[in-house]
Amino acid sequence: MSIFDFFRTPKKASAADQAKERLQIVLAHERAGRDSPDFLPQLQKELLDVIKKYVSIDDDKVAVKLDRASGYSTLEVNVELPAPAKGAARSGGAGKVAAAGKA
Amino acid sequence: MAKIIVMTSGKGGVGKTTSSAAFGTGLALRGFKTCIIDFDVGLRNLDLIMGCERRVVFDFINVINGEARLSQALIKDKRVENLFILPTSQTRDKDALTEAGVEKILNELKKEFDYIICDSPAGIERGALMALYFADHAIIVTNPEVSSVRDSDRILGVIQAKSRRAEKGEEPVQEHLLVTRYDPERVEKGEMLKVEDVLEILAIPLLGIIPESPAVLRASNVGMPVVLDDKSNAGQAYSDAVGRFLGEKIEHRFVKVEKKGFFDRLLRRTA
C-alpha cells in the first residue's frame, strides 16, 4: 500500500463484482439442493407414523429441518410431545434429536 | 454421423433463436448440411428470424402427428445451400411434442443431415426438455446478467440429469457457453459481469462472445440470420464461434473496448 492510497477513499465493490458474489452464493445453495432428492416431506410423514405408535401427537408436532454448510449437513428433528397426563411418573416435554452427516 | 445440438438457456429473451439461426447458417456456409428445428410450440419465431415465415405450410407437429411428410414441412433456405428450417406449430401447445414423435423425426433427419439444431423454448417445461433430451451438444446462451447466469446454471443441471445421454449413462452431453449481448464498455466501467466471471461461475468451455450490436436487430427486421452480415461484429463473432465448434483455434474478438479515432468520435459512428 503506497502512501497515496491512504488519502484515497476505499474503492467500493463495483456492481459487476456484487453480481458475481451474489451469484456465487445463491448457486452454491441451489447446486447443493439439486443433488439430493426432496425426501423431507416423506421423512416427516414416516417419523410421525412411528411416533404415533407410541404417543398420540398431532400431525403438526413434528418439524424436520435440513441445513447445509460447506462439507456437512445437519438434520434437525423437533418432536413436541403432549404434556404428561396427571399423575404420570414420566415427564414429557419437547425432545430434540439432531443428526449430522456428510453432505 | 449426424450431431444434434440444442440451443438453450433457461431464461427467455437472451438470444436462443438469433443464435440458432446464426449458428445453423454458419454451419451450412461451411458446407455442412444443417437443419434448424423450432421447438417453441405455440410461439414460433424461428421462421421470422430466418425470413421464411410466408413459406410455412406444414410444421414439426404436423409431421409428428402424421399429417404431413417431413419433406413437405422442411423449408429450404433461399440464400444458403445445405440449410433447412423445420418450423413449429403456432396453434398447438407443447403437449403435442411426444418423446416418441420427436425421436422418430430426429432419426429421420439424422440420415440426411450433418447437424440438427434444436432451438429450445425458454423455461424447463416439456418443450425445453424435449429440445435437449436427444442432444449430443448443448450450447448455453447466456447474457452477462444475474438472472440469465442463474437460469443457465439451472438448465445445465437439467441437462446433466434429464437428457437421454444422462438417463442412459452414456458419454455426457458436451456443453458450450455462448455469451451474448456482451458490452465491453459497460464491463470496463464495472457495470456488467466480465466474461471471465461468467466462465468461473458456470465452469463450462467458452464457445464464443457475441457483442451487443445494432446489427442483430437490423438482421431480424429483414429476416436474415446475422451471420450473413459479415461486416458486423456480431456476424463475425458468430462465424468465429462456428469455427471454434468445428475445432479451429480462433481468438476471441470484440471483448475489449475499441479505441475510437478522432473522426469516429466526431461522427459518432456505430458498428
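Cβ atoms here come from the backbone N, Cα and C positions, even for glycine.
As recorded in TrEMBL:
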type: BINDING; residues: B:Lys11, B:Gly12, B:Gly13, B:Val14, B:Gly15, B:Lys16, B:Thr17, B:Thr18; note: ATP binding site
type: DOMAIN; residues: B:2-161; note: domain 'AAA'
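Spatially close to B:Thr18 (ATP binding site) yet at least six residues away along the chain are B:Ile49, B:Thr180, B:Val216, B:Ser220, B:Val226, judged by Cβ distances under 8 angstroms.
With a 10 A radius on its CB, B:Gly12 (ATP binding site) counts 13 other CB atoms from all the protein chains. The record gives B:Lys11, B:Gly12, B:Gly13, B:Val14, B:Gly15, B:Lys16, B:Thr17, B:Thr18 for ATP. Within 8 Å of the mean position of their Cβ atoms, the other Cβ atoms in that chain belong to B:Ser9, B:Ser19, B:Ala122, B:Val141, B:Thr180. By a simple count of nearby Cβ atoms, those within 10 Å, the most crowded of the binding-site residues B:Gly13, B:Gly15, B:Lys16, B:Thr17 is B:Lys16.
B:Lys11 (ATP binding site) has a Cβ environment of 21 other Cβ atoms inside 10 Å. Within 10 Å of the Cβ of B:Val14 (ATP binding site) there are 25 other Cβ atoms, across all protein chains. Taken together, the residues of the domain 'AAA' (B:2-161) have an average pLDDT of 96.
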